[in-house]
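Listed in TrEMBL for this protein:
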type: DOMAIN; residues: 326-431; note: domain 'FAD-binding FR-type'
type: TRANSMEM; residues: 21-39; note: transmembrane segment
type: TRANSMEM; residues: 69-91; note: transmembrane segment
type: TRANSMEM; residues: 112-140; note: transmembrane segment
type: TRANSMEM; residues: 173-193; note: transmembrane segment
type: TRANSMEM; residues: 214-238; note: transmembrane segment
type: TRANSMEM; residues: 250-269; note: transmembrane segment
type: TRANSMEM; residues: 289-317; note: transmembrane segment
type: TRANSMEM; residues: 547-569; note: transmembrane segment
type: TRANSMEM; residues: 590-611; note: transmembrane segment
């Protein structure tokens, strides 16, 4: 027995060493990549290092494109593959970490900014934002200093013709603005890669990072717009306004640059919060112009220069194509639970091999409601407690959800609903298990992410018999009918006794009623569907449920791309151009490179998905039909009363410990500051004002035991 324990400890210690080494290597490579950006505007780099790099990497197989691939593209893709390996190893261990790391970073994780337009920003986030802004300032300022120190005579950088000094400096400043835009673009796509290994490697999720994409997008388009304005003024001042209509065969092509800025400005105009919230469909459709922006941007600068920002674009294309493949399938919708609070719980069949963590998100498309719209919803189920089901809760609010509710509650029988799903996407680890106690604060449908946490705790307590944190759930609802949301703390097959093992206390507040009404006596109604044999369970996403597969797709597709462009360069372009970059069309080269990238990604990703689909089909046969219970209502009715219902008397609701308060909002400051516990995790989900209030209380310094865990709702 002692030998077995010692062997287990040795294996565990070895795995931890491998994880630390992998993460350290990724950090070193990233630091080197970042250092290239830092030194790039310096005189030493421009006059010494850059010419030497070009001379040593300017081969007949890649040309000057090889230099940028080597120092800008390869390091990030290498980190991505390394991150996949790291996350694969993490999944093989218990990822519920101890609270030691939480204590070390507690001060840095506290919210330091809690207001518009930044929202809730922690000390770590603010530090990195300031560092990135300093990088932008350094990058542009140093470029200008080096350029102005060398521009004693007035000549254009491109044509060499004589100009006035201010015109020369305007020309130089405009070019440096474009280079600054390159730096912003290099980071722009990282936050929106839903299945990427880069974000989990540093403890982030795509949803929580969307705001970084928003901030970077504003900066990028502002910089590129300033670049465009500089050149319009420059051309007008030098009587060369006709330059706007030039599309040179080699070098910078002006017309594609103008088209890229135009596409960017249209996108930018619809991204501001007021427009995005009131006209989301307009925002969604115009945002697809990012394809035109990137394509014309590449035609403007040439594919060799485009490789500077290629890593983020490449990983985004891999992720987008994998999402496309997943979204083509029609998933098996098993049942729907209709609540008196005008909320719906949709229950989908899923492959037993699909695992996800609490707080994960799926994107849902219902062609019967809208064939183009995809809407994100938090997963309310636990993949461990319900290995064959995935559930989401939808609140009737916008036009899309209203139409869905009408479809499901229609008196006309609905035996099947066409649904497609992307995801789930979410955190890699269960951070909430680091705490001794949890305070979960929700408003309205904001209780949804906490349902998944409580179901996960039920599994750990009842099935694994492991200790779980004590939980205080503070939930606010508008009406007593909304109290039926509490019934969803348990899955369809759950039992009230499952909650008895948890140290759970629920404080429910009904804000718009003074006492319970008859609406609280309404039962939850369940619809059981009859899926088609062609409907499939939700399958694992390559990446979150197959990191090694994602590593194989990224690495194999990139190697294939390198092989194709080397053949193109050596056998076709080099005999014509001889690496002068003055003969062969930049646009033709760019289009061929895009074609090769698409072919390589589609081939590698399709092969991986088809292989996994064949493996998943074996599991699908086991859950081809989930038996539906016989309705208990009269013949002809498709509704039946759920075997549980929320009682009208508050003290007899879901659990005896539940307490319902009428006619007021929860006194959050009093409840949080008076909570007894040395290591308390606090989460807030719901209206922005409520989340900001909770974050402010936790960051006030009045209670050192409260640790705010931010939940993002950017999607």
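Including glycine, each Cβ sits where the backbone N, Cα and C put it.
Bear in mind that TrEMBL entries carry predicted annotations, made automatically and left uncurated.
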Best-contacting stretch, by C-beta pairs under 8 Å, relative to the transmembrane segment (173-193) and drawn from 112-140, 214-238, 547-569: 214-238
DSSP residue counts for the domain 'FAD-binding FR-type' (326-431), split into helix, strand and coil: 14 helix, 38 strand, 54 coil
Contact call for the transmembrane segment (547-569) and the transmembrane segment (69-91): at least 3 Cβ pairs under 8 Å, seq gap 6+: yes
Across the domain 'FAD-binding FR-type' (326-431), average pLDDT on the 0 to 100 scale: 85
